[in-house]
Amino acid sequence: MDSPARPAPAPAALLYYVAFSQLLGLAVVATTGTWLGVYRGGIAWESALQFNVHPLCMIIGLVFLQGDALLVYRVFRNEAKRTTKVLHGLLHVFAFVIALVGLVAVFDFHRKKGYADLYSLHSWCGILVFVLFFVQWLMGFSFFLFPGASFSLRSRYRPQHLFLGGAIFLLSVGTALLGLKEALLFELGTKYSKFEPEGVLANVLGLLLAAFGAVVLYILTRADWKRPLQAEEQALSMDFKTLTEGDSPSSQ
């Protein structure tokens, strides 16, 4: 009797890049907390510091956790597909809930202060990202976690799901950079050009955000780092190819 095939080990370079991405992601969150704590007074809900809840939640939810959710299929390469799907979906749920708290915080802060809503490019991009993120999660749940979708439907939708996931993540990083720039211009004004310490720290935060986005995108686009198909996935894929293209399994 043949012994079951051993799981393929993850490429060594992949492990290093994933570890590097996590260091960058944690650095982004820590630098955001430092910026808000040292230069913006910290965070609180029932005070003028309520606004600071917004950037912290958005960075944690739509940047760090969303990036990690996208990497799940690269990191957990040999676990059961359904387990990996559930983890991927749960991380997106956590990201959505945290981002929702940040969104409520900024709208509530604007209402209390009498500020206008949704006039800046950052706010327009932010709403677009949030809506796309929510729709993407609903579609992903309907096609890949809900038991009603057929294998053929999942196969046809999968390329769009992968593209939209990466695009929404990049839009999230870009929107965070826009918001960071907007906050600095509001707070520092002309002093921003004088290398104020807050401006320098925020610039470092911007570079870390860009680096995190770039490393996650690089990991996702390396074809040789994709999660290998499990035996049951290979069988389903072959059956789908046979049905759609008229090939026989023996001809492959």
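Including glycine, each Cβ sits where the backbone N, Cα and C put it.
Here the structure is a predicted model, which means the values were calculated and not measured.
Look at TrEMBL and you will find 20-221 tagged as domain 'Cytochrome b561'. Annotation comment: TrEMBL describes 12-33, 53-74, 86-107, 127-149, 161-180, 200-220 as transmembrane segment.
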Result, the transmembrane segment (12-33) in contact with the transmembrane segment (161-180) (3+ CB pairs under 8 Å):
no
What residues elsewhere in the chain lie close to the transmembrane segment (86-107), defined as a C-beta under 8 angstroms and at least 6 residues from its ends?
45, 50-51, 53-58, 60-62, 65-66, 68-69, 72-73, 76, 117, 126, 130, 133-134, 137, 140-141, 145
Considering only the recorded stretches 12-33, 127-149, 200-220, state which has the highest number of Cβ pairs under 8 Å to the transmembrane segment (53-74).
12-33
Remote residues contacting the transmembrane segment (200-220) - C-beta distance under 8 A, at least 6 residues beyond either end:
14, 17-18, 20-21, 24-25, 27-28, 31-32, 34-35, 38-39, 59, 63-64, 67, 70-71, 74, 166, 169-170, 173, 176-177, 180-181, 183-184
